[in-house]
């Protein structure tokens, strides 16, 4: 630290943050909301161009692995952005250049249309998979980079970090609102070339903004493959499964504090949870990496494994979210959408859900947390798991209200004789507003809590991998939604029954299906409560939370 005065040494962050060159960073010059300003701008633009879902939920695990093991979050994100941008450029070209577009088709039977050429299909699918690959590198790392800008050892920054994920999701949904309104309108009414071209330009600008903020960022150095570390612990434990665990944790293998200080890592004390994994740190036999692991390595593995039951409990709530863009919207097509000479597009009601998320996040962060702190003395207001549980409860209530609303719609359809002919039901589309608004509120509570939980509870060297848990859970939940819908539709058609879910919603029983989802979510909530009570929170690496709690007690 040549050339640095003694008065500046105390200004360095204590959480191992460095600049892009690997040098320690000054707290006053980097991180915090200043750095996050550049980070958040990227998210809004990225959401505006997200039209590819499919299997992208798998990719975040790969992106997290590369970031934690080799390149670090910053460079993984930059490379992924380049891949993402190339995919958007190629997708824009595929809908703009006549020779790369299939010929227009006016036939009612799609089978009579001239198929796309191998070149057209190749360009289109290459663009989609580039987007999938780019998404895998951006999603698990960008939010992690943002959270890394706050020093856990500085109480003032710690309290700011507690609000970070609220505002992070706020800007994500703000971008989603923009994408689902203006961009979709341009694509449908002006053309796909401009509809994709504008977001591509916006994405390029947002990447430049992110790059411009580089001097302000705090970086965390990669510490090796997290999956390899976990595998070594499990293998070492299995190889010594007959070896007894010493009663004194100090007899277990651990590195000196100086070793961790050199690598800017944190040593973790041994815990009694998942105690059988402690066998990996028992000193017996050869001291190879696959036979002997440090206590810290064992505890990091425990923490990643402890989060898996919680992750499985978040699958079902994600199936609730999947109903918004599918069945909720299809319900709207059967209702009265006329306001004067204007006809409301059913899909536009998704905007009410997004607006509900934005308003709920503001209320939660600005008012609820402050009020809850006075009661619980918890700097977060309530614990992260309590927040997730409350979000799951709100999803249950959404399905209950949706079921009751659908029962009313079906009753009116029967009364007005429009069951068999699938006619319009004389009921305003605004009848669906409560379920759209409530599921938006549930998302604001649940999704933010889920993302914060998996980041906060992951070990310092595995933050990107922890964040990927949240993304994988959302993807699996969407797949479960498709599977459950198919099974229910098939089973309820047996034995000459009409079935709950038909193309003609007036002859269907979506009210039964929503009630089934509410029941499924209720069982899942009980499972979540059980897993939450068994869960052991990761020990804080600093005393910032205790300081904030003490300050709260003094108020």
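Sequential numbering from 1, following the chain as shown.
Each residue, glycine too, has its Cβ placed from N, Cα and C.
Unlike curated records, TrEMBL annotations are generated automatically.
Looking at 165-186, 231-252, 253-274, the range tied to transmembrane segment in TrEMBL is 165-186. Between the stretches 283-303, 304-324, TrEMBL puts its transmembrane segment entry on 304-324. Same-chain neighbours of the transmembrane segment (74-97): 20, 42, 46, 49, 63, 66-67, 120, 123-124, 126-131, 133-138, 141-142, 145, 192-193, 196-197, 199-200, 203-204, 207, 210-211, 214, 217, 219, 464, counting only residues six or more beyond its ends whose CB sits under 8 Å from a CB of the stretch. Outside the transmembrane segment (304-324) by six or more residues, the chain places 226, 230, 273-274, 277, 350, 353, 385, 388, 391-392, 395, 398-399, 402, 436, 439, 442-443, 446, 450, 453-454, 457-459, 462, 465-466, 469-470, 472-478, 480-482, 484, 514, 517, 520-521, 524, 527-528, 531-532, 534-536 with a CB less than 8 A from a CB of the stretch. Of the ranges 117-134, 165-186, 192-212, 467-492, 512-530, the one with the most Cβ pairs under 8 Å to the transmembrane segment (344-364) is 165-186.
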